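Student: Feature annotation from TrEMBL assigns transmembrane segment to 37-55, 67-84, 183-208, 228-250. Summarising the annotation, TrEMBL assigns domain 'Palmitoyltransferase DHHC' to 137-271. Feature annotation from TrEMBL assigns region 'Disordered' to 315-386. The feature compositional bias 'Polar residues' is assigned by TrEMBL to 349-360.
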Amino acid sequence: MSVMVARKKVVRKWEKLPGRNTFCCDGRIMMARQKGIFYLTLFLILGTCALFFAFECRYLAVQLSPAIPVFAAVLFLFAMATLLRTSFSDPGVIPRALPDEAAFIEMEIEATNGTVPQGQRPPPRIKNFQINNQIVKLKYCYTCKIFRPPRASHCSICDNCVERFDHHCPWVGNCVGKRNYRYFYLFILSLSLLTIYIFTFNIVYVALKSLKIGFLNTLKETPGTYPSMSLTVLTVLEVLICFFTLWSVVGLTGFHTFLVALNQTTNEDIKGSWTGKNRVQNPYSHGNIVKNCCEVLCGPLPPSVLDRRGILQQEESTAQEGSCPRGPGAQEPLATQGPGQAQEGHSVLSPQVPATSVNNAEMPEEKQRTPGELPVPSADAGRVEH
């Protein structure tokens with residue numbers, strides 16, 4: 001007997017999300033597809049710190065203080081934690097409109113703008129929104145089919161609208177938005193301190209060695225056992241990496257500190273949203289540096305609206321062959337089915353009586369059956385009404 005069995009295949013929502021993102025760990029980790037520069041960031045941080053801990057830290061801990069490697073380890077762990085938190089989290093992606101929602105928005109726009117004569121350019125799709133007694137324009141996104149919230153923008157790399165969009169940072173492999181900006185700022189701040197720390201103590205290491213054996217002899221040192229290490233190659237390499245990193249990371253930290261103090265984003269600063277010809281004041285600024293910093297860095301963090309690990313169920317029907325014992329009163333099933341008989345996907349009970357779905361709880365106690373037990377046809381199953 002052929003039985004159609006409906007199996008439910010569990011599909012997570014992150015598998016069907018549009019946009020150009022990659023997901024790992026069953027949707028828990030969300031990143032951009034372009035991750036090459038992010039791996040370079042990891043290599044530079046891990047490589048420089050590994051050289052510092054392996055060579056200079058051991059010498060400085062003996063000659064100066066054992067607190068030097070401890071403080072360096074704290075900065076390193078904090079920088080790595082904030083980097084991974086920035087890279088692996090949802091920056092504040094706004095879900096795209098469903099087909100019904102997009103159609104409703106289109107109807108609203110047509111009702112507002114009216115019929116546009118052929119050959120004329122339609123008016124821009126903009127809504128006015130008031131914030132702190134100031135009009136802010138909400139722009140329509142033709143990709144996501146939504147009116148973007150204030151300060152949101154569409155990232156061309158990730159192909160998503162991001163709430164309070166700051167910028168797309170290839171060094172962290174993700175967009176920087178409302179949900180991960182504070183971690184991005186803490187990352188570049190801690191990385192700046194770590195770079196300055198390693199650069200400073202590399203110079204101290206060279207100075208201490210030069211006082212003992214001379215500067216030229218220090219540079220001529222070859223790899224050996226402790227305390228003589230490969231200063232010529234490794235220490236100079238660390239100094240060069242830290243020197244060139246200082247200019248970019250410290251400068252970037254200063255720039256974002258300025259933006260945090262004004263409660264402004266990089267995207268708004270580049271476009272000149274609040275510093276243009278009209279000299280429009282920033283409606284999001286509290287006029288106080290402390291309040292702005294508290295809102296950006298210490299304010300409540302909104303939850304993700306993507307529901308990446310939500311479940312979408314899709315049914316898959318598979319045919320199985322099986323046989324069951326028949327009683328003396330059972331009849332052979334018909335070879336063909338008429339239009340009023342059992343449909344595909346249900347088991348055939350008898351040729352004349354269609355199978356009906358009865359809940360086990362609604363059956364009398366003597367007729368209830370355990371899961372997997374086949375129904376026993378009643379004595380009236382063989383009767384046929386003419």
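Our numbering is plain: 1 for the first residue shown, then up by one each step along the chain.
Glycine is no exception: its Cβ is also placed from the backbone N, Cα and C atoms.
Where the annotation comes from TrEMBL, it is an automatic prediction and has not been curated.
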Student: With DSSP as the yardstick, break the domain 'Palmitoyltransferase DHHC' (137-271) down into helix, strand and coil residue counts.
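Tutor: Split into helix, strand and coil, the domain 'Palmitoyltransferase DHHC' (137-271) gives 76 helix, 19 strand, 40 coil.
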Student: Tell me, what is the mean pLDDT of the domain 'Palmitoyltransferase DHHC' (137-271)?
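Tutor: Mean pLDDT, the domain 'Palmitoyltransferase DHHC' (137-271): 84.
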